[in-house]
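Features of the protein shown, as given by TrEMBL:
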type	residues	note
DOMAIN	102-572	domain 'Amidase'
ACT_SITE	Lys151	active site, charge relay system
BINDING	Leu200, Ser226, Val247, Gly248, Gly249, Ser250	substrate binding site
ACT_SITE	Ser226	active site, charge relay system
ACT_SITE	Ser250	active site, acyl-ester intermediate
Amino acid sequence: MIQQQQLRQLLPEGKGDTCAALALLGGSVAVLGLWKWLGTKRIQKKMEEARRTRDEGLKKMAKAVQQFREQVPSVQTDAILSLSLLELTGRLQEGSLSPRTVLYTYLEKALEVTQQTNCLRHFIPECEEQLQEIERRKEKGLLYGIPVSIKDHIGHKGHLATCGLVQCLGTLMEEDSVLVKVLKRQGAIPFAMTNVPQSLFSYECSNPIFGQTLNPLNPQRSPGGSSGGEGALIAGGGSILGMGSDVGGSIRLPSSFCGLCGLKPTAQRLSLSGVTGPINGILAVPYALGPMARDVDSLALCMKALLCQEMFQLDPSVPPIPFNEEVYSSSTPLRVGYYDTDGYFPLPPCMRRAVRETRHALQAAGHQLVPFSPPRIPYVMTELFMKTFFADGGRTWLDVFKGNIVDPGLKPQVNSCKMPRLVKKLLALLLKPLFPRLADYLSSMAGMRSVEEMWDHHHQVQVYRSQFISQWQELQLDVVLCPVLGPAFTMGYPRKLLAAVSSTMLYNVLNFPAGVVPVSTVTEADEEELKLYKGSCDDPWDRTLKQAVSGAVGMPVAVQCVALPWQEELCLRFMKEVETLSRDRRVA
């Protein structure tokens with residue numbers, strides 16, 4: 001605060017003038033304070049209104065479920081919920097189950113799950129109109145009568161796409177996204193929109209408007225993000241099929257944390273039209289939409305349904321490549337590259353064990369396993385991935401928080417971004433000898449200084465992709481088996497370890513299809529081995545990761561399966577093989 005004496009030196013000499021000026025300045029400060037207070041009140045009012053609308057929607061759906069239960073009291077809820085997606089579609093297609101019964105069964109379960117986990121942002125009341133529409137329709141699509149949940153920012157007509165931001169609360173979507181249009185055309189019933197972290201740039205799942213989402217398998221742990229609401233709802237049994245998005249692991253991390261299967265396709269294999277985001281125009285590392293479910297067959301059916309003529313007509317930018325059932329159903333032995341660490345952020349023992357056991361099972365099943373080492377991951381993480389999103393030093397990202405209360409989960413990143421470029425560079429220089437990863441991370445957040453530098457950055461992304469594909473082809477690989485971040489972090493830890501997503505981030509930079517399959521659970525032996533974990537640098541990040549995953553006995557353990565661009569069917573076929581072998585191993 002400037003002292004009154006210093007103020008007088010800056011103000012006119014006359015006593016009366018000085019007093020008047022001080023009074024004027026004091027009045028201005030008061031006005032600014034009042035303006036700020038009124039702004040905060042407006043924000044709080046908007047948030048309260050959004051929560052009230054959400055709660056009213058929940059009550060409306062609860063009432064609709066109650067009315068249905070009174071009309072049809074004999075519904076065997078547990079039997080319906082236990083059906084796989086393929087079994088459920090079969091029953092719906094043959095008519096032994098009605099879409100109405102299935103919808104209200106899942107609405108009821110979703111209400112229960114969101115009470116436990118806070119995974120829903122809003123019910124979609126138009127689901128009852130969609131139900132009537134498909135009941136009238138003669139033609140049955142591949143997803144006829146299937147209730148589907150969608151992530152917050154996937155556009156649905158008449159609803160918000162909030163991204164967890166107050167500034168997005170005032171604008172309703174004027175039409176359905178292409179994805180939602182095609183889902184409806186295939187007979188699916190979008191019934192719920194799920195919660196996300198503020199700005200989507202986090203693998204926690206919390207925002208100041210709708211609050212924190214919990215992991216249904218353990219409420220002390222995160223469900224992952226940014227498709228965390230989807231992960232929690234499906235893992236809790238409240239949805240059988242969900243749609244998420246992924247730009248650094250946002251489908252695969254919740255799938256890993258919640259014990260689900262999830263697929264990040266090649267970007268643009270599924271239409272992005274009508275999907276919003278807090279920052280648009282980032283092309284060097286593209287995001288993708290993809291399905292999440294309890295098993296791989298569900299993902300394959302969803303992709304088969306979506307990759308249809310209607311999607312190709314509604315969005316001509318999507319390559320007109322229908323789902324290749326022959327590739328997915330093939331039993332030809334595969335040549336599988338594998339690694340259990342990327343050399344940048346070594347994962348906990350249980351995640352590396354999962355790769356090792358899966359590798360042995362694949363080998364025993366007749367597949368050929370080849371060691372593979374992904375090149376230069378520290379460079380990819382900092383110079384390619386981080387610099388893409390913080391090309392301007394984070395200024396555009398910081399702008400999305402204007403008029404917003406910043407969620408605690410994002411404050412470390414926000415505070416880092418707020419540092420001047422010179423401070424980031426100096427800190428990086430000072431930290432380099434002691435904490436090289438943190439130093440490189442800070443340096444990358446300083447961004448770029450010219451258009452020429454950005455053009456060169458885009459070129460370097462292309463060069464890396466070419467080098468990676470060349471190494472893949474030299475080894476004549478079909479697919480790659482590798483680790484994924486997990487098990488589920490204790491709540492509050494994802495915010496401290498943004499750089500730990502290197503295992504998933506790589507395949508966003510490369511734009512390869514990549515999926516996650518649960519294969520095991522954390523054991524007591526894993527916990528004992530974790531005590532010896534040192535990471536790669538034995539620095540604060542390694543120690544924080546150790547704390548984040550400790551005490552996770554019984555939580556899901558997954559692996560990641562990868563294929564070359566546009567080969568989603570081969571990626572899914574590999575995932576199915578891994579899923580089958582892991583189930584056989586558990587039964588044995």
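One-based numbering along the chain as shown.
Each residue, glycine too, has its Cβ placed from N, Cα and C.
Other than Leu200, Ser226, Val247, Gly248, Gly249, Ser250, the residues of this chain whose Cβ falls within 8 Å of the Cβ centroid of the substrate site are, in sequence order, Phe201, Ser202, Tyr203, Gly225, Ser227, Ser245, Asp246, Ile251, Leu253, Tyr287. Taken over all pairs of the listed substrate-binding residues (Leu200, Ser226, Val247, Gly248, Gly249, Ser250), the Cα spread reaches a maximum of 11 Å, rounded to the nearest whole number. Put simply, Lys151 (active site, charge relay system) is 14 Å from Val247 (substrate binding site) when counted between their Cα atoms. Gly249 (substrate binding site) sits 14 Å from Lys151 (active site, charge relay system), taking the CA atoms of both as reference points. Rounded to a whole value, the Cα-Cα separation of Leu200 (substrate binding site) and Lys151 (active site, charge relay system) is 11 Å.
Cβ-based crowding with a 10 Å cutoff singles out Gly249 as the top-ranked of the binding-site residues Gly248, Gly249. Within the same chain, the residues at least 6 positions away from Lys151 (active site, charge relay system) whose Cβ sits under 8 Å from its Cβ are Met193, Thr194, Val196, Ser226, Ser227, Gly229, Glu230, Gly242, Met243, Gly244, Ser245, listed in sequence order. For Ser250 (substrate binding site), applying a Cβ distance below 8 Å and a minimum sequence separation of six or more within one chain yields Leu200, Tyr203, Gly225, Ser226, Ser227, Gly244, Tyr287.
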